[in-house]
């Protein structure tokens with residue numbers, strides 16, 4: 001009986017050691033996988049994909065606003081021997097600034113797409129994301145400045161200003177004012193999208 005008990009104890013000890021040896025590598029492998037792939041990788045990749053889609057939308061809005069304002073031109077059908085009534089965007093310094101600013105923003109958004117793709121491929125990389133946040137903030141400020149300044153000019157064109165005897169002229173140049181108003185709306189939409197992109201980037205940079 002003693003021999004049988006000792007044999008059983010020896011067998012049980014051998015099985016325990018064998019099972020421990022078999023499970024230890026599995027535990028170490030699971031820990032290694034958890035260390036290589038953090039749990040927030042998928043969330044950051046989703047934010048990067050959303051950033052890319054919103055960046056494309058902002059590019060479309062900024063480019064559309066630039067084209068709409070740059071092509072704003074109307075010639076009235078009546079004229080005199082010495083005068084021809086025409087309204088163009090470059091007749092106003094504010095609208096010139098608008099076209100230049102939105103052109104810069106459109107070019108930046110186009111050039112930022114490769115960096116946004118890098119953020120999708122490497123969602124844990126902080127350098128490209130931080131660079132995008134910095135330049136996105138600058139472009140958002142430029143877009144808001146151009147859009148708000150042009151919005152004030154569009155308001156004056158529609159309503160005038162009695163204090164300085166500035167008469168509204170959108171009744172005569174309706175097509176010109178419609179194009180300018182659409183451009184201002186597009187710029188404000190681009191600015192809103194840029195602000196959303198900055199918020200998404202801030203969440204992506206957050207360490208969990």
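In case you wondered, yes, glycine gets a Cβ from its N, Cα and C as well.
Features of the protein shown, as given by TrEMBL:
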DOMAIN    45-192  domain 'Casparian strip membrane protein'
TRANSMEM  52-72  transmembrane segment
TRANSMEM  97-121  transmembrane segment
TRANSMEM  133-157  transmembrane segment
TRANSMEM  183-205  transmembrane segment
Same-chain residue ranges lying at least 6 outside the transmembrane segment (133-157) that approach it to Cβ under 8 Å: 62, 69, 92, 94-95, 97-98, 101-102, 104-105, 108-109, 112, 166, 168-170, 173, 177, 180-181, 183-184, 187-188, 190-191, 194-195, 197-198, 201-202, 205
The domain 'Casparian strip membrane protein' (45-192) - residue tally per DSSP class, helix then strand then coil: 110 helix, 14 strand, 24 coil
